[in-house]
Structure formats: C-alpha cells, structure tokens
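**Q** Let me begin by handing over the structure; questions about it come next.
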C-alpha cells in the first residue's frame with residue numbers, strides 16, 4: 001500500500017483544494033456505495049459531477065452514496081495500481097465530502113526500482129558467499145600446508161586449486177572495495193591492473209580444474225602410472241599458461257577498449273573472448289575427460305575394492321559435482337534470460353549464489369570430505385591428546401610430597417609406562 005506520507009499527501013492535495021468550494025457537512029442517512037458512473041437522471045438531492053485537482057472525475061450522484069472511482073494512474077511522478085479504487089461520499093446537503101479516501105491505492109514499483117532491489121539483494125548474497133568461501137578456503141589451505149603426510153601429487157593439485165580460489169576471492173574483495181564510478185571514469189593504471197589480476201586468477205581456476213581432469217584421465221583412462229606425472233607439469237598448466245592469455249587480453253584492451261578500468265566491453269569489440277575462449281575450451285575438454293572416466297569406472301572398476309580405486313572414485317564424484325558448479329555458472333553468463341521478469345530474477349539469484357559459493361564447495365569436496373585429510377587430522381588429534389595426557393601425569397607425579405629422588409623417578413616410570 002501507499003506509504004502514509006504519500007497517501008496523506010494525495011488526500012490532502014485534493015481535500016484542501018476543494019475545501020473552499022464545499023458546504024459544511026450535515027448529518028444524513030448512511031452512505032451507499034456506487035462503483036460506477038451514474039448515466040441516468042437522478043431524482044431528488046444530488047451532487048453535481050466534479051473533477052478534482054488530481055484529475056479524478058466524480059460523476060453526478062445521489063446524496064448518501066459512497067462513490068468509487070479508479071485510483072489515479074500517476075501522482076507526483078509515482079505510478080499507482082488503477083485496479084483499486086478511491087472513495088468519496090456525496091453528503092446529504094448535495095455537496096461532496098472534503099476528503100477523498102485513497103487509502104487503497106497501491107504504488108506500483110517501476111522496473112528500475114525493482115531491478116535496484118534485486119541488485120542489492122544479489123550484492124548481499126555475493127558478499128556473504130565470498131566471505132564464507134574465503135573462510136573455508138583458508139582453513140583448507142592451512143590443513144594441506146600442515147599435513148605433510150598426505151602430500152601426494154593428487155593432493156598437491158587440490159592444494160593449488162584451493163590457492164587459486166583464495167587469490168580470486170581476495171581480488172574480488174579488492175575490486176568491490178576500491179572500484180567506484182569515479183575510479184571507473186578515471187581509468188587509472190592501478191585499477192586496470194586490479195582487473196587484470198582478477199581475470200588472471202579467474203582463468204587459473206579453470207586451468208587447475210583442467211589439471212584435476214588431466215590427472216584423473218591419465219590415472220584411470222590411459223592407465224599410465226601416476227609416478228610418471230610431475231608436479232611442474234601441472235604448475236605450468238595451472239599458473240603459467242593463463243599468464244600469456246591475460247597479457248594478450250590486456251594488450252587488446254589497451255588498444256581497442258581502454259576505458260572503465262577494463263570492466264565491461266564496448267559494442268562490437270570482442271577482446272574479452274581472448275581469455276573467455278580458453279576457459280570454455282578447457283571446460284569442454286574436462287567434460288570429455290569425465291565422460292571417459294565415468295565410462296571406464298562403470299565397466300572395469302565396478303568390482304574392484306582396492307584403496308586406490310576407492311580414492312579415484314571419490315575424486316571422480318567430487319569432480320562431477322564441482323565441474324557443473326564451475327562450468328554452468330560461467331556458461332549462464334552467455335544465456336539471455338529474455339524479457340520475462342521471473343526469468344531475469346532467477347538468473348540474477350542463481351548466478352550470484354553459485355558464483356560466490358564456489359570456493360566453499362571446492363573446500364568441502366576436495367578437503368573437508370577428503371578421507372586422507374580427515375584421517376591425518378584424527379591422527380594429529382589423538383597424538384596431541386596422548387602427549388598432553390602424558391605431560392599431565394608426569395606433572396602430577398613430580399608434585400607428590402615424598403622422597404624426591406626415589407618416588408619421583410618411580411612415578412615417572414609408571415606414568416610413561418602407561
């Protein structure tokens with residue numbers, strides 16, 4: 001409904017403007033509502049047809065009637081729902097009531113105001129998702145860094161993927177906190193470097209996912225020994241290859257679209273495809289990898305129960321879940337949701353949620369649900385408990401007030417034996 005101030009302003013404007021031309025109200029019979037104009041000749045006292053200052057036409061009506069007319073379409077630049085009505089009483093003395101009841105007139109939010117509302121909600125979702133993701137990613141990073149016993153090539157790849165997501169989330173916050181309309185218009189060097197860094201880490205996310213796919217495909221489909229794979233190969237894939245891609249994109253932006261801190265794109269200029277193209281390519285290759293991996297697992301490894309196979313199966317499950325999360329969200333940016341309002345709202349919220357919570361999903365599937373990580377954490381915890389327990393028993397033994405030499409050493413020996 002209309003806000004009180006706006007609704008009262010609507011009523012006050014009409015009432016005050018007509019007050020000087022109306023007679024004093026007199027008591028009369030109860031009002032009867034008339035929702036339609038009266039098109040026949042009325043007998044007896046009546047109120048003459050009148051147009052108020054906001055443009056509502058009040059037809060000639062019999063005294064005692066409460067006349068209903070559609071709400072005004074516009075008032076003070078605000079649009080209202082004309083399916084609702086305003087009400088005005090024809091008094092017993094043949095004059096109209098000073099005030100019109102516009103309380104049921106509802107303001108219609110413009111498309112621009114609706115878009116701003118949904119944009120603000122999407123921004124909140126983005127900030128919440130990136131905060132949760134960054135916290136989970138940092139926890140996963142520390143676990144991989146501290147648990148040296150699980151540092152095989154597979155987990156090193158997971159660790160680097162998590163690192164790429166941390167850097168991307170961090171640069172996202174830098175972009176949000178430093179970029180504003182004034183900075184965009186100034187197009188200073190540092191803001192272009194921030195944009196380039198953000199896009200670089202965006203590309204590294206996809207190439208480290210490609211590294212995950214390469215490792216699984218080599219280990220399962222090609223049946224090569226993973227011992228032949230080297231860490232430097234994946235370092236080149238994940239960190240090195242994206243660099244010349246972003247350099248080429250930056251050169252293209254510098255010469256053909258050097259404005260607004262390199263955010264967005266000018267009509268007819270397609271420099272963004274310099275880095276978006278390779279991202280889509282590695283995404284499609286990952287789909288092919290996964291198709292082959294799933295095919296092999298379904299046909300050859302179904303009956304196998306070796307620990308290595310179990311690890312591969314879990315890795316494939318994680319990749320099957322993560323790849324759509326990484327890929328579909330990006331592909332949706334190329335899909336036009338159309339003019340339908342509901343489609344556009346769903347498009348905004350769906351992308352905001354999946355884009356911002358990607359890092360959280362990566363941490364959960366590649367670290368927190370990783371059986372090797374959980375086992376190593378449990379061992380560390382039990383070891384810490386045992387060590388703490390022994391120290392407590394030794395401290396209690398040392399504090400016994402008897403013969404210090406004989407009893408203390410005896411107590412220590414018993415404590416350590418336990």
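Note that Cβ sites are derived from N, Cα and C of the backbone, with glycine treated the same way.
Whatever TrEMBL says is automated annotation, not expert-curated.
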**Q** Out of 119-144, 197-222, 379-404, let me know the one TrEMBL marks transmembrane segment.
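**A** So the range that TrEMBL calls transmembrane segment is 119-144.
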**Q** Is it the case that the transmembrane segment (347-369) and the transmembrane segment (232-251) have 3 or more CB pairs under 8 Å, with pairs at least 6 apart in sequence?
**A** no
**Q** Should anything in the same chain at least six residues away from the transmembrane segment (232-251) have a Cβ under 8 Å from its Cβ atoms, list it; otherwise answer none.
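**A** Counting only partners 6 or more residues beyond its ends, the transmembrane segment (232-251) has Cβ contacts under 8 Å with 153, 156-157, 160-161, 164, 192, 196, 199-200, 203-204, 207-208, 210-211, 214-215, 262, 271-272, 274-275, 278.
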**Q** Within the domain 'G-protein coupled receptors family 2 profile 1' (47-109), count helix residues (DSSP H, G, I), strand residues (E, B) and coil residues, in that order.
**A** 0 helix, 27 strand, 36 coil
